[in-house]
Amino acid sequence: MTRSARWIVFWLGAGGVGVLIVLALLKMPSFGGLVHPYRELSVPAAIGRSSPNIVSSVNFDQRALDTLGEETILLGSVVGAAALLRPSKDEREQLDQDEGRVLEATKLLGYLLLPVTLIVGADVVTHGHLTPGGGFQGGVVLATAVHLLYVAGSYKMLRRVRPKSWYQVAEAVAAGAFVVLGLVGLLLTGAFLANIFPRGVLGDLFSSGTVFYLNVAVGAEVTSGVVVLLSGFLAQALSVREVR
Amino acid sequence: MSVDPSWLPPLGIAIPLVGACIVLALAKLAPRLVIDVVAMTTTVVSVGAMALLFAATSAGRVVTWVGGWTPRDGTSVGIVLAADQIGAGFALLACVLTACALSYTWRYFDDAEAHVHVLILLFMAGMVGFSLTADLFDLFVFLELMSATAYALTGHKIEEPRSVQGGFTFGVVTSLGAYFTLAGIGILYARTGQLGMPQIGAALDRHGMDALVLAALVLVLTGFLVKAAIVPFHFWLADAHAVAPTPVCVLFSGVMAPLGLYGVLRVSTTVFGGVLPAGSLHGTLLVLGIITAALGATLCLMQRHLKRMLAYSTIAHLGLFLVALATVTASGVAGAVIYVFGHAGVKGALFLMVGVLLARKGNVDEFALYCKGRDERLTKWLLPLGALALAGLPPFGTGLGKALSEESSGLIVLFVLVSAATGGAVLRASLRIHFGLGPRPDDTDVDTTKGEGEEQEGRFPQRLPATMIGAIVALLTGGLLVGLVPMEAIGEGAQRFLDRAGMLAQTLGGAPASAIGSVDVEWTWSGVVLGLLSAALAVGIGFVGVHFGLGRLRAALKTPLHVVHRLHSGHVGDYAAWLVFGMAAVGALFVIT
């Protein structure tokens, strides 16, 4: 199609869809209404299981199957990206000898922030059931921490501290742990992904039962997944060369 | 050993996930054989679990509340899985086709570590979850799981720019559709505060129909219509099938695209069934189905790239399935489901046979392969047989499904012509390739994609591995068995699928599964005659096509064909524009009809 034909088709459709959506939005419930059927149900359910972070309770307890699916989407995307980013038949990995210079200030800041970021990441993961955060968010922070080595140090250093195949195994084990925890629930109570661990006292680190352990599993999976993903992109950008 | 049936739906999702994780963990450590064995074992166990579930559904819908969040007073915060014979049947179909695809793959991908196995197992988990869930957001999650893994599988041959391009187009168009679905789910949540299909359905019944519900309906259906490749949401399908590894095409055509239709009907009956006038749903789906069938059949006849030919035949058949589903009667749904099952076997076998040609001749172009397949012992006889089965030759399952569908929809001419055209196109190619019939094809048409330059898949110049032959024979036999084995379960399942009140009562109220009638799903004399007629017409189309080419026909239809070909430009912007146009058209159809 020519450019103008494409735009005509698009605007014909967009006009129709736009009218429909505007009409729909006029019928939406207004902000600040008093009717919240799901909130009425989910808040007591979360508090009843010692999980003050309602979002985490919804994600890892009340609707844990969705989170299992989402975590699996992440796993599939990482594996898919790794498959697409693999060196092709006429490409090889070659490391450059000269990697350029890093500013002293960058180095200092990087090495200072590295442990801080690791601790923050671990904190966000392990307190996911208590405070905002959780496995997905904390996992990304942890993976970022690892890559401060590249920013402050060098690509070679990153590759030494980050053996890709280990992270791939860790990714698989962590993703599998979520499913296995679900299957244990099925065996013990007859319900997949049932909350099987002791609920504890509201506000304690080891409370809210399975939510804590699922958060840790997702945190490990996201950390290793993001590391594997970035390693594919970094390799394509820095070390994979076409050979003839 | 007896398993509580309510364990089976979550096991169907969990087993492939565990298998995928084991394969991924072993990827770098274990030899290739171990990877293959683990993946195959996982699939076989899944087939067993889903077969048990299918058997269990004969006693009624199997309802599972994940996490044990069984509703109190008709409300729950949890996710419900609800399997009837249709849902369990689709889950079983997904597992069986995956087993065939993996068997074919046994000696197939050399370079790709275990990535392909992991992706295929995750893809299977997505399809099983999609078939079994009764939660609207969960349905979206599994739709996305199917999509994310499917993009990577499509673009797997990274050396080929066309392959990556096909995966990219597939990704952009399907994601766009999925975002609209998510937006629709958001609107429904704003209105009802619920995410489960029965819960939203019950809440909508209290509110009634208005512009918001219509908008939500159109938005939610968009993602499923894209997956189902219904015109004008269909553009990605042929581009993706042309480049995806052949065993992956089996899964795309056999079960993934039909699952889109399953989603359309599941959502429009369970969620919107109480507020949407039956006539409106019928009219909209019927128009979409007829256009899709006609366009798919026309384009199928015009192809010389064998994988694209089969892809357009899939589009044509998806249109026929939709026409049968549009009746929203148990007989129509049963016919469509049997048609889907039979088609999955036959089309899967055809794709794998084209894969064999590609592996041995390095080419999937009908013209370039002219006379080159005379020495192929396997495909020489099975490819024409598959073509006739595609046209609906009794007693193949495609024939039974077609007979039941045309009877319930009443559109006999459409079913006969479309199925004959798709079978005839494949037969024409086979006669040229294997028997060297007709003059050497000489076509200078610039519009059609040639099938040369596809990357050769695998290396089997001498003998085909038994695993490949086994997969082809199993699929073709499966397509035959669907038409021979009594299928009362599907007739009953179709009744249950449409029994909205019973589903709401069983999921939300905890009512026991009610007894339900069945519809006849047997061969009739008129069905057999019409199936034979389609097959005869396909033979006619095949021989005429071989001897006269399409020269004269094409000359007469030059301008319209040129326009249609140009529309399938491969430009992702075109596809997105048509997607938005299609949404407006679907909305308008719902209002008009």
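Including glycine, each Cβ sits where the backbone N, Cα and C put it.
Of the listed segments B:168-191, B:504-527, TrEMBL assigns transmembrane segment to B:168-191. By the Cβ criterion (distance under 8 Å, sequence gap of 6 or more), the transmembrane segment (B:211-230) is not counted as touching the transmembrane segment (B:114-133), fewer than 3 such pairs being found. Proximity of the transmembrane segment (B:528-551) to the transmembrane segment (B:336-358) is not established, fewer than 3 Cβ-Cβ distances being under 8 Å for residue pairs spaced 6 or more apart. Tertiary neighbourhood of the transmembrane segment (B:336-358): same-chain residues 86, 89, 93, 97, 100, 104, 246-247, 249-250, 253-255, 258, 261, 306-307, 310, 313-314, 317, 320-322, 324-325, 364, 369, 373, 376, 378-379, 382-383, 386-387, 389-390, 396-402, 404-405, 426, 433, 454, 456-457, 464, 468, 471-473, 475-483, 487, 490, 493-494, 521, selected by CB-CB distance under 8 Å and a gap of 6+ residues from either end. Listed as Cβ neighbours of the transmembrane segment (B:378-397) (distance under 8 Å, sequence separation of 6 or more from its ends, same chain) are residues 313, 338-339, 341-343, 345-347, 349-350, 353, 356-357, 403, 415-416, 419-420, 422-424, 426-427, 430-431, 433-435, 464, 469, 472, 476, 478-484, 523, 527-528, 530-532, 534-535, 537-539, 542. Tertiary proximity for the transmembrane segment (B:309-330) is limited to same-chain residues at least six positions away from its ends with a CB under 8 Å from its CB atoms, namely 228-231, 234, 237-238, 240-242, 249, 253, 257-258, 261, 264-265, 269, 278, 281-282, 284-286, 288-297, 299-300, 303, 336, 339-340, 343, 347, 350-351, 354, 366, 390, 402, 404-405, 408-409, 411, 414-415, 418-419, 421-422, 425-426, 429, 491, 494-495, 497-498, 519.
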